[in-house]
Amino acid sequence: MLFGENNISVRLGVVFSTLASGLFVYLSAKMAWKNSRLAFNAVFIYLSMLMVFTIGTYNILDPIVTAFITMVIFFFQWGLTTKYFSHKLLAFMMMGVACGLGVLTKGFLVLVLPVLVCSVAAIYFKQFKEVFVFSFVSLFTAFVVCLPWAFVIASREPDFWNYFFWVEHIQRFMANNAQNKSPFWFYIPILLAAVLPWLGYLFGALRHAWQQKGLHIYFLLWFIVPFVFFSITKGKLLTYILPCIAPIAVLMAAYIEKILTEKNTLTIRLNALINTLIGAVIAGGIIASAYYPKLNVYQADESGKLWLAAGAFIFWLLVALLSFKQRFWYLAAVCTVAISLTVGHVIPSRIASNNTPQEVIAKYHHQLADKSVLLTNNVGLGTTLAWVLKRSDITMLHQTGELGYGLKYPDAANRFYSLKQLPDLLKNYHYKDVAVVVESSQRELLDALPGNPIIIREGNLVLAFYEG
């Protein structure tokens with residue numbers, strides 16, 4: 001590996017994808033209005049939004065998928081607006097390439113969203129017949145991109161397509177037993193937080209887009225249709241709406257261009273006021289929690305983290321105050337800088353051990369690495385154990401999570417144990433060379449641990465060692 005097995009390496013692809021999304025946000029805005037300042041503001045707003053700024057450097061697939069969807073936004077826009085047959089053909093071919101790569105990344109969702117949005121957009125712009133014909137170019141190109149992988153995976157794992165389509169798509173999003181079930185309104189508060197520190201422009205930008213029509217509606221559709229689609233689905237995760245953020249950034253940039261041209265400071269001050277209140281309330285809450293132990297999420301030895309967190313939001317507050325002036329409206333983007341630079345140092349230990357358990361597992365690397373059996377009931381913990389310890393034999397205990405389908409295979413019979421099977425497993429190993437890593441909230445599991453293991457508690461994690 002070029003950079004080795006480390007956190008930088010696993011995040012490079014995500015960071016590159018986020019920057020690629022920013023590039024296509026710029027190209028889409030520039031193509032729409034032929035205004036370099038507006039296009040620059042669009043990518044500036046996009047990259048500084050809280051959701052993009054945080055998730056865009058986190059090792060998950062959503063930023064990569066978002067990069068391919070922003071490419072589709074640009075290429076379909078090109079296909080709609082160009083008058084040249086060769087350009088239109090190339091645009092729909094590149095759209096197919098982006099869709100194909102998206103399918104290889106995270107499945108058919110990257111086809112579903114473009115089909116929904118492009119169909120509505122084609123009807124609105126009265127180009128349905130033309131889009132329908134050229135869509136076969138995109139579908140064929142996407143098919144060609146996916147075909148080699150589809151054949152290889154089917155030859156090696158004949159059951160893959162059944163799992164990939166029914167479990168990872170239908171059940172995940174629509175079935176009654178869908179993972180991460182949440183109500184219809186789940187994404188509304190997440191959206192409001194996601195667009196910070198530009199929340200003050202959100203509703204004005206949406207209203208302005210509706211009034212202006214034209215390509216404003218194009219970007220509005222790329223926000224509304226996916227947002228409604230994800231809201232309707234039963235399975236929800238906050239990162240799913242990341243593709244909705246790019247068109248919002250473009251619409252905000254167009255709206256801000258109008259504000260700056262008309263020298264309308266009201267909306268600029270509204271955005272500054274929102275950021276000021278957020279900085280003041282959160283900073284005040286963090287400081288106040290130091291004097292009310294029941295409200296304090298930090299432990300007694302973490303006062304440094306508390307004051308660093310308070311300082312980050314005080315910085316947010318001060319920058320927000322500067323952005324009240326029209327000529328400094330862009331300083332709102334700086335609000336999140338201090339948080340992004342300090343977030344790794346201010347997360348309370350009890351939260352870090354649960355959501356980012358890598359440091360805790362690394363701390364007990366020696367005790368865990370020499371165990372014959374490593375058990376956990378959490379898929380996330382299992383992947384972290386595998387990554388830190390460089391092992392591929394992590395065994396699930398009591399719960400299967402997303403691995404339930406694969407654990408039903410005959411060759412995976414020894415990779416899952418119920419609580420009833422645990423005593424026999426421990427007897428086979430004479431109550432030694434076994435370790436269990438679970439969250440402290442798993443009382444049923446912890447109470448059911450037989451024998452007398454050595455229990456170590458680190459924040460929200462519990463490590464149980466059987467040493468014989």
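Each position is counted from 1, following the chain as shown.
Glycine is no exception: its Cβ is also placed from the backbone N, Cα and C atoms.
Where the annotation comes from TrEMBL, it is an automatic prediction and has not been curated.
Per TrEMBL, these features apply:
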type     : residues : note
DOMAIN   : 4-164    : domain 'ArnT-like N-terminal'
TRANSMEM : 12-29    : transmembrane segment
TRANSMEM : 38-58    : transmembrane segment
TRANSMEM : 64-80    : transmembrane segment
TRANSMEM : 109-125  : transmembrane segment
TRANSMEM : 132-154  : transmembrane segment
TRANSMEM : 184-203  : transmembrane segment
TRANSMEM : 215-232  : transmembrane segment
TRANSMEM : 238-256  : transmembrane segment
TRANSMEM : 268-292  : transmembrane segment
TRANSMEM : 304-322  : transmembrane segment
TRANSMEM : 329-347  : transmembrane segment
Contact set, same chain, for the transmembrane segment (132-154): CB under 8 Å, 6 or more residues outside the stretch: 79, 88-89, 92-93, 95-97, 99-101, 103-104, 111, 118, 122, 160-161
Proximity of the transmembrane segment (215-232) to the transmembrane segment (109-125), 3+ C-beta pairs under 8 angstroms: yes
Stretch of maximal Cβ-Cβ contact with the transmembrane segment (268-292) [cut-off: under 8 Å; candidates 184-203, 238-256, 329-347]: 184-203
Positions whose Cβ lies under 8 angstroms from the transmembrane segment (238-256), at least six residues beyond its ends: 21, 24-25, 28-29, 32-33, 38-39, 41-46, 49, 51-52, 55, 60, 62-63, 65-66, 69-70, 73, 113, 187, 190-191, 194-195, 198, 201-202, 204-206, 208-209, 212, 216, 219-220, 222-223, 226-227, 230, 267, 329
Integer average pLDDT (0 to 100) for the domain 'ArnT-like N-terminal' (4-164): 91
